[in-house]
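I have placed the structure first, in the form of structure tokens, so that the comments after it can refer back to it.
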């Protein structure tokens, strides 16, 4: 299947690396498109129209504000469009692009670049008439694909799309705290990352829930239990809940 990519920014590039195949690419900043093609193979197209005519599936990765400018180049030409535009519902895509194009809405997160991402998948108008199964197979290369209702996207965005930044912030603070206790800063960062990666791998291989693992590690009266008590006292649960609610609220407010 010939794949086209409109936009070559951070998320578009991450998704392209996760798919791992040559692409047709167009971006207003031609050097970004050229850099992506140099890495993955494929061809830089002179226009969105050319890309839409040649591709069997178009990943729409431009900025949401650019939809009205890009859509006329796709209308009546693109066979299938998978949009990763944030805060841009399917009904707006349908109004902008319309039939006969098969439409899909996606929400990937940054780890798709290394094949460990989460990708929300929402089939839209004419989805089953288009390359739905081929699209799902492609996305599976980049991580876990979750089919959900469109109204669930704000919650998924807050957890999975914003989540890498939240996890990175916690790891950064974990490393900083380790450095304040006397570890070399670089070593503290390495240990924080290794601990996080090992914990996730352990959970995946054992099938334990995070709560069960916490109970295994936190022996009564031990150091871990005391540390967890401080996290509770300072409001970790409330802080995490508030962060996700605020992030999800951005999507709600935009509608």
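FYI, residue positions are counted from 1 along the chain as it appears here.
Even glycines carry a Cβ here, placed using N, Cα and C.
Features reported for this protein in TrEMBL:
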- 6, 7, 8, 9, 10, 11: NADP(+) binding site (BINDING)
- 48: NADPH binding site (BINDING)
- 2-75: domain 'Pyrroline-5-carboxylate reductase catalytic N-terminal' (DOMAIN)
- 150-248: domain 'Pyrroline-5-carboxylate reductase dimerisation' (DOMAIN)
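Under 8 Å, Cβ to Cβ, and six or more positions away along its own chain, residue 10 (NADP(+) binding site) finds 110.
The Cβ neighbour count for residue 9 (NADP(+) binding site), using a 10 Å radius over every protein chain in view, is 14. The NADP(+) site is set by 6, 7, 8, 9, 10, 11; from the centre of their CB atoms, other residues of the chain with a CB within 8 Å are 5, 12, 13, 27, 32, 61, 62. Residue 11 (NADP(+) binding site) sits 18 Å from residue 48 (NADPH binding site), taking the C-alpha atoms as the reference points. Using a 10 Å radius centred on the Cβ of residue 8 (NADP(+) binding site) and all shown protein chains, the other Cβ atoms total 26.
Taking the Cα atom of each, residue 7 (NADP(+) binding site) and the residue listed as 'NADPH binding site' are about 10 angstrom apart.
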